[in-house]
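See structure below.
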Ligand SMILES: NC(=O)C1=CN([C@@H]2O[C@H](COP(=O)(O)OP(=O)(O)OC[C@H]3O[C@@H](n4cnc5c(N)ncnc54)[C@H](O)[C@@H]3O)[C@@H](O)[C@H]2O)C=CC1
Ligand SMILES: CC(=O)C(=O)O
Ligand SMILES: [Mg+2]
């Protein structure tokens, strides 16, 4: 199969769809891999590194989109990329379609077959291709939050761990999944006073044992969210209903009751955000202020640490890239229902229920397309 990797064009996005090791593995399996020139410069790799693995170099993203049977990327295709996709082509990347009607429309119009990293499933209701970036974003959320709490960034000027004789920052993490657990781990490590809210009791049990009582694990209700949010210095939004729009758990009214200079890091922004006041921001201009509360809502947080993120992502995606390259997407999905759960769009049909529900569009059962 002809596999192509474009250079990412989203703001400050330096990750690469295929690491050199992944490219080598696909080539060893008999496939042709082409990468756009300079695509890996952001992780310190030259075209020659990819050439040495046996890959070809294309002189533009346009050539990649025009000539590849499977395109492997990181971020959701931007409008100019969507317009270069075509019927019969396979796209493997993050999509986050629920809050993005424009991208959904363009992908449906293109006829492309699009498999979303974030809805591929794994054993025990896990999301194995979202998890590595959630680990990164969770850890970064504590770092970003600590930075935003500095007075010069608009924050109230509280140090996460305080110092002896002063109180540490109060950090609230809403959603104790992969992002939440990693955010809490770093915030605890910085010495903050951490509370995690989740509505899964089994998740709270796991977290309580993992943190050995050093994080407060509390059941999530509208009452507990409001009570903890208004006394917190930093709130980290980390909820997920897979593939769907994030529930708006922090209302405008709660924001109005929060302390001036408190900070919210809405990691769930890629699924629309879990605060009523959130809107996507970029690494270039990451924050805005509503009612004195600093909002950090960057939708591609792991792009800030592209070396760690590219390798962590590739470790998870490679088996699925190989399966689709070796067998074609249909046979690979017949063999693996977890991969079938990644199918979001095929030949003008929307095949992910939560996206169809979010946008009031017709839904086609993906199982009906692989018979
Ligand atoms: N902004 C960025 O750069 C990135 C964003 N993300 C996003 O972060 C979000 C979280 O991802 P993961 O941690 O991997 O998901 P996850 O599925 O591991 O965890 C989500 C947690 O939210 C909990 N939850 C659902 N509704 C809740 C409620 N009402 N109150 C409290 N908890 C609730 C679930 O029980 C679950 O434990 C997703 O939207 C994901 O796409 C992930 C990576 C990068
Ligand atoms: C998951 C996601 O949105 C990211 O890694 O950018
Ligand atoms: Mg206020």
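Each Cβ is built from the backbone N, Cα and C atoms, and glycine gets one as well.
A TrEMBL annotation is a machine prediction, not a hand-curated record.
Remember, it's a predicted structure, so these values are computed and weren't measured experimentally.
The substrate binding site annotation in TrEMBL covers 15, 75. Sequence-distant neighbours of residue 15 (substrate binding site) (same chain, six or more apart, CB under 8 Å from its CB) are 8, 42, 43, 74, 75, 302, 303, 306, 309, 310, 313, listed in sequence order. Residue 15 (substrate binding site) falls outside any helix or strand according to DSSP and counts as coil.
The active site, proton donor/acceptor feature in TrEMBL is assigned to 96 (among others). The secondary structure of residue 96 (active site, proton donor/acceptor), as reduced to three states from DSSP, is coil rather than helix or strand.
Per TrEMBL, NAD(+) binding site is recorded for 134, 198, 203, 220, 239, 240, 267, 268, 269, 270, 298, 299, 300, 301. Proximity of residue 298 (NAD(+) binding site) to non-local residues of its own chain (separation of 6 or more, Cβ distance below 8 Å) is seen for 144, 269, 280, 281, 282, 283, 286, 304, given in sequence order. DSSP assigns residue 298 (NAD(+) binding site) to a strand segment in the three-state reduction.
Under 8 Å, Cβ to Cβ, and six or more positions away along its own chain, residue 270 (active site, proton donor/acceptor) finds 94, 96, 99, 118, 280, 299, 300. Residues or ranges marked as active site, proton donor/acceptor in TrEMBL: 270 (among others).
Under the heading Mg(2+) binding site, TrEMBL lists 327. Summarising the environment of residue 327 (Mg(2+) binding site), the number of other Cβ atoms within 10 Å of its Cβ, over all protein chains shown, is 15.
Under the DSSP three-state reduction, residue 75 (substrate binding site) is assigned to coil, being neither helix nor strand. Same-chain residues at least 6 positions away in sequence with a Cβ under 8 Å from that of residue 134 (NAD(+) binding site) are, in sequence order, 127, 177, 178, 179, 182, 267. Among the recorded positions 75, 96, 203, the residue whose Cβ has the fewest other Cβ atoms within 10 Å is 203. Figure note: comparing Cβ neighbours within 10 Å for the binding-site residues 239, 267, 269, the maximum is reached by 267.
Taking a Cβ distance under 6 Å to any atom of ligand 1 as the criterion, the binding-site residues 15, 75, 267 reduce to 267.
Residue 300 (NAD(+) binding site) has a Cβ environment of 26 other Cβ atoms inside 10 Å.
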